[in-house]
Amino acid sequence: MLSRWIRPSCRPMISAARRAYSVLPTTYEGEKVVLDEMASKMGAEERSRQNRMRNIGISAHIDSGKTTFTERVLFYTGRIEAIHEVRGRDNVGATMDSMALEREKGITIQSAATYCSWEKKQPVTGEVNNYHVNLIDTPGHIDFTIEVERALRVLDGAVLVVCAVSGVQSQTVTVDRQMRRYNVPRVTFINKMDRMGANPWRAIDQIQKKLKIAAAAVQVPIGAEDDLQGVVDIIYNRALYNRGSQGETIEEGPVPEELKELVAEKRQLLIETLADVDEEMAMIFLDEQEPTAEQIVAAIRRATIARQFTPVLMGSALANRSIQPVLDAVCDYLPDPTEVLNTGLDISENGKEEPVVLPSDSQQPFLGLAFKLEEGRFGQLTYIRVYQGKLKKGMMMTNVRTGKKTKLARLVRMHSNEMEDINEAGAGEICATFGIDCSSGDSFTTGAKMAMSSMFVPEPVISLSIQPKSKDTQNFSKAINRFQKEDPTFRVRYDEESKETIISGMGELHLEIYVERIKREYNVECTTGRPQVAYRETITAPASFEYTHKRQSGGAGQYAKVMGDLSPAAAPEINEFETAVVGGKISDKFLAACEKGFQDAILKGPLTGHRVLGVKMLINDGQVHVVDSSEFAFRTATIGAFNEAFLNAQPIVLEPIMDVAVTAPAEFQSAVIGLLNKNTAIISDTEVGQDEFTIYAECSLNNMFGFATALRASTQGKGEFTLEFKNYAPAPVPLQKELIDKFNKKK
Ligand SMILES: Nc1nc2c(ncn2[C@@H]2O[C@H](COP(=O)(O)OP(=O)(O)OP(=O)(O)O)[C@@H](O)[C@H]2O)c(=O)[nH]1
């Protein structure tokens, strides 16, 4: 039996994707070849169904108007009947607050994915096409938890909302970086054009410089500040005015005389910017031809999907100006599900995960990802993105991680505050279901040996004790249960010895975020203990054992003898158990009991009481007593043999080593290097951008305690970092000694 440990990464999906790129395309051009080939194999009907589908997120710096904008989108697409203004936001500081606030008010997108449809009118022909748009709530907590990663993964494109006055702000850079990490193409909307001091051109300049992506306006504003009337669409040379009390009607008109010069100048700039990033446009430009509106639209689409360019639109959500063109842009420039390369994992070979490309085709076997669990007023909802194949009401599907089969009793599409029952959902779609037992990030199939994300959930590397300050244990348990379900890397256990609840996770910050969420979302303040590193124990040399467990005086006797070897396992991250007993000297039943004993033994190493890793136990001989031998006796004998041999096999203590990436504005580079050196981190790489730098390093988790606070202090709060578990390595000798002494004293 192979007691399989995890793949050493707290970002299984990223690791999978990274591995995927070693065999799969590494450039967008390469991706495009694969995508085109897959699309050519797809039925025409299937293609056209997905052509009209968009799965998008809306992201922004705090207070840029994301909620206000979304509210308009839902109103114009007919999902809500009235626009509710965002109220009482003065004391709202963080995104997490707004989540709670949104819930209280029961407005705006409270679902993880809100389905709406948009009738897009073709400018010249007047032809109307209906698009289905899933607005996916991008996670508020910018952190490295798997939940965030998974939610971002289901986006095919995003609208980046930027404030016309403040321009690109620190969090704009952060959300943009996240989107970039997941290869999410972006359309930019400059909001708050009605405010004094609004300057879209400055904002575009900042997008180019700070987000380092080619950007150009596709509109110019008509009027400014209080007098903002609409925009000129510089591609089709037409003015667009919002009419009606809530701006619900778009009226077209000629370009106002006084704007003609500006429009021509900005149109030329758009073409030139596109020529830099799109070959076809470059050819047209070099031939000194004037591209048609259709050619410009096509070039924007190609360059946006290739993540080389972001088209910039502008308006005011609050004043109901120019939101509808953003919806048009989502349809025109952001990819449909067949235009995004998705990879899954082939798990047909036991214990192996090979990356595979997933064609977004309903004819393929079903594979879906439960990307978000939500406890709403409708009960426990599970959101699923169908990557390939079809989900049908009433069908049985298997949770790949647990192997459990579930019947899909009900399938719904979530609207802003209601839902619609559906019978099936095809590839590329996002839907929700009730009463399914799973964790966020679980994959579902109907038998295909595939998964969307690694099945090996990483072991937590850090833990701390937690206790509610008040007597509100009910809410505390609710919170803990929910987070455990949502995030498989967040674990909770009750320690019998210390009578404390212990939470464990992937880093100090990871746990800090949950403690904060328990407070904010469940109103339960907690006291926490000092974070503890999850050390491991292993052996560095082989040792034989011959161990007899014997209790034969009085009453029913116990007898078992086991012989064999303990040795380092084939890989440092697994434990192995093997038997090679000849002639049926020990029965299969007793050998199975031995294996159970081994599983018990590795939970608590004999050196420091931490879990054991990288050890192989072989039992090749032993002795049975006709009357006194039992499963219990063999289980106990194996534990005894393990503990004895372990201490003879030059055991050592291991500690978690983390990959650290720190990003901060350039002026803090030496401060950050100093900080990392102080923590005895080994710097492996530095990337220097125009305004900021990123340092990659390796550091023991033990030395990373308090890093968040120290980084904040030395970068005026402008530095960010991520920690990713890398591997276990021998702990420094003095630390090992300290841990061993402490354990022996406790014994
Ligand atoms: N003048 C003006 N104010 C706006 C506009 N859009 C939003 N606001 C205001 O800006 C403030 C923040 O708007 P929200 O929509 O809550 O912004 P948000 O990005 O969702 O904010 P968080 O949820 O806190 O991240 C509110 O007071 C809005 O009324 C706009 O177009 N013009």
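Glycine too: its Cβ is placed from the backbone N, Cα and C atoms.
Straight from TrEMBL, the features:
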DOMAIN    51-338  domain 'Tr-type G'
BINDING   60-67, 137-141, 191-194  GTP binding site
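Structural mapping of features recorded in TrEMBL.
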{"residue": "A60", "record": "GTP binding site", "DSSP (3 states)": "strand"}
{"residue": "K66", "record": "GTP binding site", "DSSP (3 states)": "helix"}
{"residue": "T138", "record": "GTP binding site", "DSSP (3 states)": "coil"}
{"residue": "M193", "record": "GTP binding site", "DSSP (3 states)": "coil"}
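Under 8 Å, Cβ to Cβ, and six or more positions away along its own chain, K66 (GTP binding site) finds I58, S59, A60, V161. Selection of the binding-site residues D63, K66, T138 by a Cβ distance under 6 Å from ligand 1 yields, in sequence order, D63, K66. Looking only at other Cβ atoms within 10 Å, the busiest spot among the binding-site residues A60, M193 turns out to be M193.
Cβ-based crowding with a 10 Å cutoff singles out T138 as the top-ranked of the binding-site residues D63, T138.
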